[in-house]
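Single-structure report; data block below.
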Amino acid sequence: MIAIVSVLLALLAPQSNALISGDLNCTTYNGTFFVYTPAATACSNAISDASCAVLYPVAVAADGYPMPNNNAERPRPCYTSAAATPAAIVQDMKTAALSSCAKTCGLCCQTSAYNCANVAFPRLTCSTITRTQCTSPQWRTIIAQDCPSACGFCNDGGCVDAVPDCANDRSVCQAVGMQEIKDDHNCTEWNPNGFVYSWQAVACQDVADESYCKSRYPSMYYPAIGGGVNRPMQCYTFASTPPGTIDEDAKAAAIALCPKTCGYCCQTHAFNCQDKNVNMACWTVTQAQCVSPQWRDFLAEECPATCGYCGDCYDLNPECPKAPEVCTNPRMQDYVNLNCRRTCKRCTTGFTTTSTQRPTASPSTKTSPFTKTFTRPLTNF
């Protein structure tokens, strides 16, 4: 009898270890009990922390508020109007908590910034991404594109600052000496020393002749694979002196006429479609594979955007660019129409243009004969 009474008293006695009850969102089971995930408190409260502490007082003073890997009980007003647990979730109470004090309530993972789908074939394992990676310049841009829900990037459309503190000093956006950080990063990738041009940046030919492109877009140095120099400013703005705000008309003209000179090949029609990523992880494809006769047909079907084969525009013979004279040789027309379609501009899409008209408007008018048809989103290869 004494043993039975002891057991009953033990069950009725207050427990020293808190348990998360009611709403188990933003938690994970560690083998013993539910604990909060890092994403539970990875956001900031919409109102002051002090105000949230008044609205949502700690459930058990000794345990404190939700934190990663602890199992402190959530403040009950975060999810219910009941005075004691167990209690049913009241959605109105939870909605109010999410809109004002998501961090205090350990519900950050359910805010809009964390509530989206990751890509089907991410370059990283989204479930293992750490908070350190979320703030790392080396990882942020990749995570924003592939695993946005892991770091709260769902509302950013895949475009985040590589340096997380940029918003603390917006003056850098107009500082002449800081332009290498701010300018157009399309067709670039991050390496330990900064942004450099991807091979797709220069994987095409200029539509206009080289002398025209060099005169319209003058520079001592031009984009090259692995290079980190700025594009000629005229490639993306009509401004005459730096800094120059990106102007879509100026950029569209550069893409239409001189994409290689400006390092914009990845934004031409040939790269402007969707990879399938079904039978091949397209982000692992190399330039050598794209031009390999053994891979080309397969990649044109599976990874056209990665290789620049959108619209079925590619050379069957990878040596065509080395002999451009075949394009105008009357005796080679049947051959080039089949084997050198990209080099000789025989495609109905991709590198074929409907006009080679030169812009005639003064830059100061900010007009261009080229329509803004290049709408590929910001992408770092």
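A Cβ is built for glycine as well, from the same backbone N, Cα and C atoms used for every other residue.
These numbers come from a predicted model, not from an experiment.
Taken from TrEMBL, the feature domain 'ShKT' covers 273-310. Here the domain 'ShKT' (273-310) has long-range neighbours at 120-121, 123, 199-200, 203-204, 265-266, 316-318, 349-350, 381, meaning same-chain residues at least 6 beyond its ends whose C-beta is under 8 angstroms from one of its own.
What TrEMBL records for 1-18 is signal peptide.
In the predicted structure, the domain 'ShKT' (273-310) carries a mean pLDDT of 86.
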